[in-house]
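Participant: Encoded as structure tokens, here's the structure I'll be asking about.
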Amino acid sequence: FPATIATTLTSSLLYKPASIRQLAVAASQITKSILFPSNQSTGRIRIMSSDAAVVSEAPVVAQPDDGDKSKQQQRPQQRQKLVLKVPKGMHDRPPVQMSVREDVLQKIVRVFKSHDAECLETPGAELKEVLTGKYGEDSKLIYDICDQGGELLSLRYDLTVPFARYVAMNKLQSMRRYQIGPTGPASHDPRRYREFYQCDFDIAGESEPMLADSECVLILTEVLSGLGFSNYTVRVNHRLLLDGIFQCCGVSEALFRPICSAVDKLDKCSWDEVAKEMSDKGLADEPIERIRQLVLTPRGGADLVDQLRENPALKGNAMVTQALDDMSCTGANAGLQRPVGSVAGGGRYDKLVGMFTKKDIPCVGLSIGVNDCSLYWSRCTRLRSRRYTTATQVYVCSAQKNLLEERLRLCGQLWRAGLPAAHSLRSNPKLLTQFQYCEDTGVPIALIIGESELRDNKVKLRCIASRKERLVDRDSCVDEVRAELASLAAAQQKTEQ
């Protein structure tokens with residue numbers, strides 16, 4: 001750069017008369033742009049004439065511009081230590097829990113498909129205007145997403161509203177669908193998840209009265225029974241019945257939904273807590289006492305319907321009469337009596353699709369809490385057997401060194417036959433280490449190859465549980481493995497019985 005500065009300043013002296021001070025300023029600017037584009041530095045510049053004689057020396061100070069100062073102020077002085085944790089209300093699902101969930105979902109989906117359901121997937125986020133105004137008071141529990149591409153988005157609160165949007169958008173008249181996926185209610189209650197899996201089954205379209213509703217209740221009982229639950233109760237209710245009770249008790253129609261939201265908490269809260277919430281929402285003491293006398297009626301079956309028909313406080317109310325006439329399956333929820341609580345719920349939403357289009361499409365469905373079912377299933381199966389997280393059925397072992405390629409060939413033979421197989425990723429693993437891996441991960445069979453087996457075109461088949469070994473032909477090892485797996489499965493089934 002000295003040559004560049006000298007040439008530039010020489011040209012200035014030759015063609016543009018200038019004072020030494022002006023040349024010093026020019027040199028300062030050149031030095032700043034070349035040497036110190038962003039940092040503050042000091043130095044001296046030598047100004048030369050056309051005959052290369054020294055004219056003068058001037059101190060030069062390069063100052064950062066205002067933009068550089070702002071960048072320096074924004075730069076953090078010290079990097080904060082990252083605290084590794086998951087957000088509140090959310091959890092990692094380790095392989096053991098995911099293995100349980102996969103089993104639960106497989107059983108649930110099998111029931112859904114047996115009732116002619118199709119699988120549907122909708123986005124994890126929807127337009128904010130699609131979700132707002134659909135959940136009543138729960139609308140405040142919707143996560144909003146920052147503006148993305150000019151659209152205001154929110155995370156879905158459940159799977160029902162996205163399904164209604166899908167039906168309306170595609171102008172469908174009927175559909176049976178199931179959907180499984182995460183939802184994200186923005187709850188600040190530490191007792192509630194902020195992300196959980198829902199498993200929904202819904203029927204959209206016209207049907208005979210109560211026919212689709214009763215099938216949803218049937219599906220719910222099939223799912224719970226298929227998961228091995230026997231100690232559960234299915235509770236059936238009718239929204240019109242509750243609205244009629246409110247009307248008979250003197251509750252204004254504008255408070256129906258807020259008061260209903262409070263009454264729905266009776267399974268989890270005491271009456272005093274529910275009464276306080278109703279009072280906070282503007283309901284007087286007299287209606288609250290009337291509601292208490294009616295909603296705290298002991299639960300029952302068909303006999304309870306007859307008791308409600310004869311209740312003088314409810315006689316003559318049109319909504320109560322209609323609800324009791326078709327009181328069977330308009331809404332239901334199922335609970336495991338202990339230790340999980342409510343694990344599923346459902347109901348009818350005939351007006352939801354009409355919020356997106358001019359035509360109402362009757363809909364009814366149910367939602368199963370996969371997290372709660374998986375938790376209970378895990379507790380029930382924990383004592384029966386140890387749970388393994390891989391589906392590997394065969395582990396290929398080597399008895400001597402330098403047999404990595406032979407292990408790969410044998411694994412390829414098993415993979416092509418559709419058998420889940422694995423092997424060590426080390427070139428010369430110890431045989432006992434390979435056996436220990438099988439025991440730790442639940443791999444039932446090990447195939448062992450060594451120099452003698454390679455010479456005789458044989459493979460040693462080892463049952464990990466019994467530790468029995470036998471030689472089999474290399475060409476027929478796939479059939480031998482399948483026969484051994486079938487024998488082990490039959491023995492396991494007999495033991496469980």
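For all residues, glycine too, the Cβ spot is worked out from N, Cα and C.
Because TrEMBL annotations are produced automatically, they should be read as predictions rather than curated entries.
So TrEMBL lists the following for this protein:
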- D158, L159, T160, Q198, D202, R338: L-histidine binding site (BINDING)
- 89-327: domain 'Class II Histidinyl-tRNA synthetase (HisRS)-like catalytic core' (DOMAIN)
- 393-483: domain 'Anticodon-binding' (DOMAIN)
- 58-80: region 'Disordered' (REGION)
Participant: Using DSSP, how many residues of the domain 'Anticodon-binding' (393-483) fall into helix, strand and coil, respectively?
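Facilitator: Output for the domain 'Anticodon-binding' (393-483) reads 37 helix, 24 strand, 30 coil.
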Participant: Given the binding-site residues T160, Q198, which one is most crowded in terms of C-beta atoms within 10 angstroms?
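Facilitator: That would be T160, with the most Cβ atoms nearby.
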Participant: Looking at the binding-site residues D158, D202, which one has the fewest other Cβ atoms within 10 Å of its own Cβ?
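Facilitator: D158, out of the binding-site residues D158, D202, has the fewest neighbouring Cβ atoms within 10 Å.
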Participant: Looking at Cβ-Cβ distances, which residues of the chain lie under 8 angstroms from L159 (L-histidine binding site) while being 6 or more apart from it?
Facilitator: T122, Q179, G181, T183, Q198, D200, S367
Participant: Just to confirm my parser: what is the rounded mean pLDDT across the domain 'Class II Histidinyl-tRNA synthetase (HisRS)-like catalytic core' (89-327)?
Facilitator: 86
